[in-house]
């Protein structure tokens, strides 16, 4: 039993219309996410493009302009998906202009080709190849992000992989469609019908899967964001105690030498009493910015583990280098500018220093030693660095 192109187009249109509704509802629930609007627009455009192709199939002599409009919509759809994925990945620049120009090419090529009297089969095949290129770009931007998402450490983004495979198969279906249409030659009516069947069958098989997988990408990102928020101190943006221990566990397993530094702002209660909690919070965030600037980005873990107490875990730092760094940090705080309500405050910090032994696979023992060293610095007059060696 032969497959009817119109029935397949109608089925594809229904699937894509469902995707348009789903992602439009997602966007209405979260209007701060441009990727949702762009993915919804992609589904809307392909739905309208398929509707246009269905209407064209009912006409014996379809207008070149009508065909161009239908393929324009079909081309702008993957362009919107591509833009949406770049927004989802927070890639800058987004490249709106080039994407929309590229998405317009299938429709423009169809219109110009028919108007210039080129064989319809040749025009349709070239249009299919241009659509294949657009879906290839979509496959590329999705595939290159597999394993690169910093919000999914140690996880394979399964949903993203599924979408990548689906779009890759869409690309192959358009290439097959072009080959079938070219092979048909002449007016290519039967060949064009066969090419529509190829693409529509793939869309019917993969349309629902790709839509669910795209929603799965959102779920994966939301889950990763929640996990990250559980490891971050909301005031300073540094790691919290849980995030510190998670990161330290990996470093203790493979990185030596390591140094643990606990820094505690001296007489912080007086700052809160004199300037209120807002002033105290400003001092904490300023201190967090300072240690970010001072610490090597690739070789340090920074955390706020409570109140005015901060931890710095340094890797590839031998004892002499760690001592020098700790004293430099103390000096930077002492001479730095801490402005609260226009008043420059004299801030100092006491620092405890410890070094995990080769046998230690958990941060807690070294953290306890650094904490005892910190209190030794407090008892010794503050604004100083003290060290406690492993037993």
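Placement of Cβ uses the backbone N, Cα and C atoms for every residue, glycine included.
TrEMBL entries are annotated by machine, without manual review.
Marked as domain 'GGDEF' by TrEMBL: 256-390.
Positions annotated as transmembrane segment by TrEMBL: 12-29 (among others).
The transmembrane segment annotation in TrEMBL covers 36-57 (among others).
Within its own chain, the transmembrane segment (63-83) is flanked in space by residues 38-39, 41-43, 45-46, 48-50, 52-53, 55-56, 94-96, 99-100, 102-111, 114-115, 127, 130-131, 134-135, 137-138, 141, 167, which lie at least six positions past its ends and keep a Cβ under 8 Å from the stretch. The feature transmembrane segment is assigned by TrEMBL to 63-83 (among others).
Sequence annotations record features per position, and here TrEMBL assigns transmembrane segment to 95-114 (among others).
Positions annotated as transmembrane segment by TrEMBL: 120-137 (among others).
Annotation source TrEMBL lists transmembrane segment at 158-182 (among others). Long-range contacts of the transmembrane segment (158-182) within its own chain (CB-CB distance under 8 A, at least 6 residues past either end) are made by residues 81, 121-122, 124-126, 128-129, 131-132, 135-136, 138-139, 142-143, 145-146, 149, 188, 191-192, 194-196, 198-199, 201-203, 206, 209-210, 213-217, 219-220.
According to TrEMBL, the transmembrane segment annotation covers 194-219 (among others).
Annotation: stretch 194-219 has the most Cβ pairs under 8 Å to the transmembrane segment (12-29), among 95-114, 120-137, 194-219.
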